[in-house]
Structure formats: structure tokens, C-alpha cells
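Asks: I grabbed these lines from TrEMBL:
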- 194-290: domain 'Fibronectin type-III' (DOMAIN)
- 294-393: domain 'Fibronectin type-III' (DOMAIN)
- 374-398: region 'Disordered' (REGION)
- 387-398: compositional bias 'Polar residues' (COMPBIAS)
- 395-490: domain 'Fibronectin type-III' (DOMAIN)
- 494-586: domain 'Ig-like' (DOMAIN)
- 591-685: domain 'Fibronectin type-III' (DOMAIN)
- 705-793: domain 'Ig-like' (DOMAIN)
Amino acid sequence: SVSRCYVNKQLLNVRVLKGEPAELSCTVSKHDVTGTWFKDGLKLKSMDGVVFEKQGLVHKLIINKVEDIHAGKYRFEGGDIKTEASIFVEDPPQVDKVLLQNLTSVPTVAKAGQRVQLKIPFEGRLPIGATWLKDRMELVDDTRIRVDKTETFTMLSISSCERKDCGDYKVRLKNDSGVLEMNLKLMVVGKPQPPAGPIKIVESSADNITIQWKPPSDDGGKPVQRYLVESQQVGKNDWVALGETPRSCTTFTTNKVEQDMSYYFRVRAVNAEGTSDALESEEVKAVGKATPDAPDPPEIVSTSRDTITISWKVPRKTGSSRIVGYVVQKRKKGSVTWLPVNKVPTADKQLKVSNLKKGLQYEFRVAAVNAAGTGDASEPSQPVFAQDSTKSPGQVQDLKLSSSDCTSVTLTWKAPEAKDGNNVTGYEVEMRSSNSLNWTKCNVLPIEVTTYTVKGLQAKERYFLRVRALNDSGPGEAVEIEACVEAAPPVVSPRFLIDDTVKSFLVVKAGNPIRVNIPFEAAPDPVVTWLKDGLPLPNQAAVNTKDGTTQLLIGAAEFTNSGTYTVELQNGLGKRETFTFQVQVTDIPQPPGPIQLEENVLNTVTVTWEPSASEKWEKNLYYTVLKRESEKGVWHVLGDLIYTNKFTFTKVVPGRDYYFRVVAKNNLGASGPSETVQPWKIQKPKVQFQVKPQKYRGVNQNQPPRVLVPLKPHVVTTGSECHMSCAVGGHPPPKVTWYKDSRDLSNDPAYFCTNDFGVCSLVVLFVTEHDEGEYMVEATNELGRAFSKAFLTIKGNK
């Protein structure tokens, strides 16, 4: 009897990832079995990528690289045996590894208020579900946030970022073959929140007030740099800048207060992104002093050889109780030591000081006394000699109001007549408003000239002014004049008067001066602040502001002076206006480095050179390549506007000598050349005798375009260069056109396109956020069309 053949080891089901190898194998009991393989009931034959093997009793089906078409049920038959199993092809979602690394390793940083788009292209078996989560909660569309999904990408869009959008995001891609999860981080930076309140009053006295606050609960994602402190007197409209404190200090003491007056205070936090809203305090009152204020300086009533009589007035503020008396002190002129005159306070407001030395000059001061103690002493009196009285000086002559504005008036006069002069030592000016009877002295020391400007007056008010001549006997009789102060000019909000003479972008050669004049108008005169890149100007910069123009002057420009300059105008009403312009400091470029020549393709030469040292500071630098065909021949331009360090010359004639030259260029001119010293040539082939074969009609080699190497997605940062490339084939050689979001880029100077023997390159010279999108390269000839697409993702450069 003949023994039957049977299967020792059956086929087993296989699950394999798309693109990976797969193998089915079974073991039979006899060596002479020749089997046949079937797929989905159809007999299989040898084909590319599928191999049948027999090793003794083992029969194998091997697939080198599994594709979707390889999925199905396989059967092996041999003689009277049969075994079957299935291959399941898994194609889970996938994301480009470079893009995945860039998105997951580096946080995406955005400014508050900006638009953010996070786009993730993917591949895998459709359908693919995409879910975005933040802090483990699935994101849903609302007025600001939108999640989009197509068959090739998913994108999260936030129309206006807020600080609450900071956090950890997860993207989950899922199909029937698996799940891919990616963890992203988004950082949103902006101006800080107001300092945390309330504002506490640490100390309040007659001379100063100390306030305290807490740091803001949210610093805007950037460290707080400093705090700005302002005050407003109750009943007034203007806020007054008091000063600023460093980030580590949350207390501030001001002495810009008056007794018994009430104030509001406000504090703002500042970081690199801006200034917070203000935290305001409740009403704070500067307490009055318990002791009296200082009286005005005492006046000289009369003198003799050993006595001087003085008088004084009651101080403006008497303290917490009534005045019970006054104490008087004296000193010799030039001395720093004050001596008491009366040990017991006198209730009178006049005192005769005796026991003085004849011929010496004395000064006196007075302090008021109440139940709380002795108050501050007055300023010293005018120096006076202890001598018999002389005649007081006469009246000043021809007192006039020479000029006035909304806050001041200027007086002029002539000295008393000679017979009444009596050795005039100076003059004093006093004033009072029309609704007051009290005269106030305007000058502390005697005025030595015959003119004086009274400042600090109120607009549209009426004042009375008087002038006295002084000598050793005291003041003479006053001459009085009335003055009306002009109305204040209308308030004009600050604004810049920008015209064609004010440029928003300046290119300055290194070593030349930077001089920028910016006209403006404002009333009253504003505070003008200059910044460079958000920071104070360097020490070498000088600013001069007058007559409605502010000027920036830098004597000799350096490369470090390139940047963004901002001028800010701010008036006392809090109105603010800014103007920003760019400065680029440049110079004629340095020459390129040595040139190297290579023949990589028949009858072509590739010229490469070391970059110019100016590439470090010049963003708009490019190169020009020239050639000549004899040592003293004329140079001809081969290529211009070259932004790389390589150029290929394709029309080389064998046997001819060539010299090459490269120069670097920018807006200011061209560098010195870098040249080849020795001639370069391709050897001319020797002429050989050839038998001309019979002509025959060749095979038609025409082929439609095809993509040999496709485009790949790119992720780059703003400000950098992006190089995208692919390879295409076809005959006749196809025409290559680049598109961005279906827009032809052929005539766009922002993009540099090349096609070297089917290797197609697109260079984005200076990437901005507007360059993000889908790019397509299209190859066409008379036989057809082929294309490849990829997405360019832009990340902010932080």
C-alpha cells in the first residue's frame, strides 16, 4: 500500500505592517511533494517581490515588501494535501519623523492676540480619525478655536491666542490598524496681569507715604521687569509719575505729598511684552503735623550799635493745638552754630535782641511752640549789621510787566533815585492773588538785578505784585502793580507729523552717522522716550528734542546699531503715541573665499566658493559669477542674484581655457573679486576614424513626465532659508513649474527656482509666516503631466 502525504505544520495567519516583509510556511511529510500557491482562489505565479521557496519538507511564500494588494487568503496545495491562512496588512497612521520631532521636542510660542495654526500632515489607511485634546479634554469648535481634518492632514487653529490657551496638547490619529499619539506644548506670552491687591498703606506721615502691593497672579509668560508707580491728588485730573521699582521690590515710598491732602495711588507691572493695567488704591490722606509749621523768615524792624529788633508772622499751619509762643535764635553770618535768644517762649511777634557786638553781621530765625512741642525753624532772615540805623532805601522806579504767559509773568524796574538809594543791597518781590489779602515772598535771597520772573501762576487769574529795595536798614517802601495771566493754550493730543522725509526703513553704511529727525505736535510739551528693540538706547546714541522735533544722533554707525527703534510721546493726560522704524547698518561686502572647480557632469563645471565674511551681518547679500576665456579677455556674467555658494556652468567647450571670478554684492555695492589663477579646461577628445554604420530607425524614447523623488514636508523657523527639492524625469525634458496654494511662483522674486538636469529646487530666501502652505512642483511635456505636493510649516523664532 502507498502511504499518504500529510501536513506536519499548517499555514498560520500573519499580521504585518505595510512596507515590511512577510512569510507563509508549511511543512509536509514527503520530499517529493511539489506544491502550488493560491491567493483568494487564484493560482499565483512568480512576480516581482514575491518568492516561492522549497527547503526539504518546508514550502515558503515570501513577500519582500508588503503592500495593500498582498492582503487576502492564501492556500497551499500539493497532491492530496491542502492548508490555508490569511495575511492581514496593517497601515496605521504615520507622521513624518522630522516633523514629529520638531513639533514634540520644541514648544510652540505665540504672542497673546496672535493667530496660531498647528498643522500635522499624516499618512495611513483611510479613514483616519483625528482628535485634539488639551489637558485631557477633547477640543471642540467655538468662536476662537477650530479643528479641521482632511484625508491628508489635521489642523488646530486659534484665531486670537489667550494666556489660558497655554498647556499640553495631544493629537490622537486612529484607524483600523492602530493609534498614533503626539504630545505638543503651546506657550502664549503677553503683558502681565495687574499687580495683586489691595494696595496697603505701610506708613503715612506728614512728609511721606509708603505703599505695598503683591506681584501679579500671572506674569504673562515673561518675567516682570519692574513696577511703575503714579499718584493723583484728590480733586485733580492728572496722574503724576512717582518712579519705578525693580521686580524684587513691591514697596514704594514717596515724599511728594502735602500735609492734610488726600491721594490715590496706582501701580502697573511691566514685562518684555508690555505694561499691565493699573491696580488703584483707595483714598489715602497725608496726616498733618502735630507741631506748627515753620514761619516765614523774620523781618528786620530796626538796628542800633548793640541791638536789632525783628518781627515775624504766624505760620500758615499751627499744628494740632494753638500756638503758645515763639523761640528766637541768632548766629553770626558765616557761622553754622545757632544760639538761643530767649529761653522762655515769647507770646509777641516782635523781639528786641540786645547785647550784640557793634559792626558784626547777624542772622535770625524763629520757631513756633504749641502743646505738642516746638515746630520747625524758619529760614534765616536777611543778614543785618548791628549799627545805628541808616535811612531805608527809596521806591524802585518804572516798575513794568515786560512779558507773561499762561503760568508766569516777568517784571522789570529801575533802582531808586540816587538821593534815595542809600546803598541798595538787593530787591525782594512779593505777590498775592486777587482773592487773598496775604502777601507771599517770591524770592528767598535778595535779587541783585532789576528783573524777575514769577512762575507757577494759574491761567486766567489776576495777581498783585510788589517790589521793594533793600539795604542794611531793611526793606524800603513797596511799589505795586497788577497782572493778569493769559489763558492756557488748548490741549493738543500728541501725534507724529510723518511725511516723505521720515523713512520707516533706513540703510546706513558702517562708520557713517545715523541722524533721524521726527517732527511732532503736542500741547503741553510731551515726555519723549526713545527705545531700541524695546530697551533704552545705547550710550553712544544722543537724543535732542526741541521746537516740535525730536532727533536721534549716532556719530559712527556700528553693526550692533541695526534694529527696531521706537519713539514714544506721552502727555500729562496719559495720551500716548508711538512711531517705529527699522535701521540696518551695512557695508560693502568682503570678498568671497577661494574658488573650487569640479566637473561632476560631462561638459559642465560646478563653481563653489567659501562664503564672504559679510554673510554674518548682511541679510541681503548675494553673489555674481563671471567667466572669461583668456587671461586678458573680457569678463562675462554667467549668473547673478545667487544666494548660495555654488553655481553650475553647462556650456563648457572642450579644449578651451576658462577663468572664473566671484564677487559678493549688496545694496551698497560689490566686493573685491575672488578669482581662479590657473586656467581650467576640459580636454578635447582625439578625433578617431569611425565607420559610419547604416542608418536605422531607432526606438522611440519619448516618455511622459514622472516624479522620481517626491517632495517632502518641511518645518522651519521664521527668518531662516528653506530648501525644497525633488527629481523628475521624462523625454523630451519636461517644463517644471512651482506653485504655492495653486499660485504660480515663476515670477515671484521672493522664491528662487532651479532645474539642474531634472533635480528641481525651490529656495525661500527669508521665511515669514506668510510662506506657510501647500507647495506643488509640476512637470509637463507633450506626452503628459506629473506633480508632487508637500506642506511647509512655519514656527515662530523665539
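Just so you know, glycine gets a Cβ as well, placed from its N, Cα and C.
Because TrEMBL annotations are produced automatically, they should be read as predictions rather than curated entries.
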Asks: Which sequence-distant residues neighbour the region 'Disordered' (374-398)? Criterion: at least 6 residues beyond either end, Cβ under 8 Å.
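Replies: Same-chain contacts beyond the flanks: 289, 291-300, 302-308, 310, 312, 315, 319, 327, 329, 331, 333, 338, 356-368, 412-417, 419-424, 427, 444, 446, 450, 467-479.
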Asks: DSSP helix, strand and coil counts for the domain 'Fibronectin type-III' (294-393)?
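Replies: Secondary-structure breakdown of the domain 'Fibronectin type-III' (294-393): 0 helix, 43 strand, 57 coil.
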Asks: By DSSP, how many residues in the domain 'Ig-like' (705-793) are helix, how many strand, and how many coil?
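Replies: Counting residues by DSSP class gives 3 helix, 58 strand, 28 coil.
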Asks: Kindly state the mean pLDDT of the domain 'Fibronectin type-III' (591-685) in the predicted structure.
Replies: 86
Asks: Looking only at the domain 'Fibronectin type-III' (395-490), how are its residues distributed among DSSP helix, strand and coil?
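Replies: Summed over the domain 'Fibronectin type-III' (395-490), the classes give 4 helix, 47 strand, 45 coil.
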